[in-house]
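**Q** According to TrEMBL, the protein carries these features:
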type	residues	note
TRANSMEM	20-39	transmembrane segment
TRANSMEM	51-70	transmembrane segment
TRANSMEM	166-185	transmembrane segment
TRANSMEM	192-211	transmembrane segment
TRANSMEM	231-256	transmembrane segment
Amino acid sequence: LFDGVYPFYPQQRKAAGFDIRTIIVIVVFLTLACSFLLIIPGIRGRARLYWTLRVLLSLFVGVVIVVVQFTGDWETGWVQANTSYKSFSRAQVDVDIGLHIGLAGVNVTLRGGADVPIWSSAVAMAPGVPGGLEMGPPAPILYVAEKFSSQSPCAVHRQYRIAGHYASAMLWVAFCTWIISNILFSMPVLVYGGYMLLVTGAFTIFSLLSFSTVRNSPMCLIQIGTGTLHVVYGGSFWLVLAIGLLCFVAGITIVAMHHLNLDQLKAFFDLREDKAEEYQEMPEVFINPHFVGKGL
């Protein structure tokens with residue numbers, strides 16, 4: 001060993017903290033937000049606050065709808081267990097085993113003490129044996145990942161694959177309706193933009209209902225040592241629910257204000273007509289007496 005490492009072998013790669021696709025989406029939306037913040041000083045009066053509120057909320061809705069497609073915490077669960085680290089070994093270790101389920105795959109994480117390295121193995125929601133398992137991860141990861149393979153008798157692979165597929169499709173439709181709502185607001189056709197926000201909220205809720213269908217079928221118990229791994233809805237699930245409710249509240253408010261107080265709605269969208277010209281005094285007018293005398 002040379003400083004505690006093998007000098008002639010490649011070092012173990014560390015697990016990535018973030019998905020690269022998630023980073024790309026966040027950078028794109030942050031670029032749009034920063035570009036708007038550069039031009040916001042040119043907007044005068046109270047309209048500056050209204051523009052900032054509208055743009056930032058709209059970008060927040062859009063980035064959440066796209067980012068949750070690639071996150072892995074729609075369902076999460078952790079369990080502490082005393083189990084064998086390697087197959088066919090009597091040595092027992094105290095570890096924390098985590099399960100993170102997304103729309104397109106499953107991630108199994110193992111954490112232990114100083115003598116147990118951190119492992120993170122991804123299992124894709126696709127037929128066949130995942131290629132990541134060929135690296136030879138620890139026995140607890142193999143055990144949990146096997147539950148989600150297509151050859152497992154638990155049959156949860158098909159349930160999660162179909163539920164994740166339709167939830168993802170609903171979210172992409174919600175993203176399209178979100179784009180249409182922004183186009184309608186800029187035309188401006190405010191009431192129809194409010195209707196499209198309601199449609200956006202409806203499709204986000206439909207995606208949650210699609211993903212929740214996996215709870216209708218019994219899931220095999222994941223027993224590790226004396227502990228049982230249970231999963232609950234994770235951060236992405238509740239974030240999508242919050243975005244759906246936000247779209248519903250915004251859409252209902254816009255439609256209601258269109259029928260009850262259209263002037264205030266136009267003021268919020270900076271569409272108020274400047275009525276100063278209506279009350280401006282008539283300038284001095286010169287009349288040709290020749291035409292007046294002829295009755296013209």
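Each residue, glycine too, has its Cβ placed from N, Cα and C.
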**Q** With a Cβ cut-off under 8 Å, give me the same-chain residues at least six positions beyond the ends of the transmembrane segment (192-211) that come close to it.
**A** 61, 65, 74, 103, 163-164, 166-168, 170-171, 173-174, 177-178, 180-182, 184-185, 237, 240-241, 243-248, 250-255, 258
**Q** Please figure out which one of 20-39, 51-70, 166-185 racks up the most CB pairs under 8 Å against the transmembrane segment (231-256).
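**A** The stretch with the most close Cβ contacts to the transmembrane segment (231-256) is 51-70.
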**Q** Please indicate, using numbers and ranges, the residues of the same chain that are 6 or more beyond the transmembrane segment (166-185) and have a C-beta under 8 Å from a C-beta there.
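**A** Here the qualifying positions are 54, 58, 61-62, 65-66, 68-69, 103-104, 192-194, 196-197, 199-200, 203-204, 206-208, 210-211, 240, 269.
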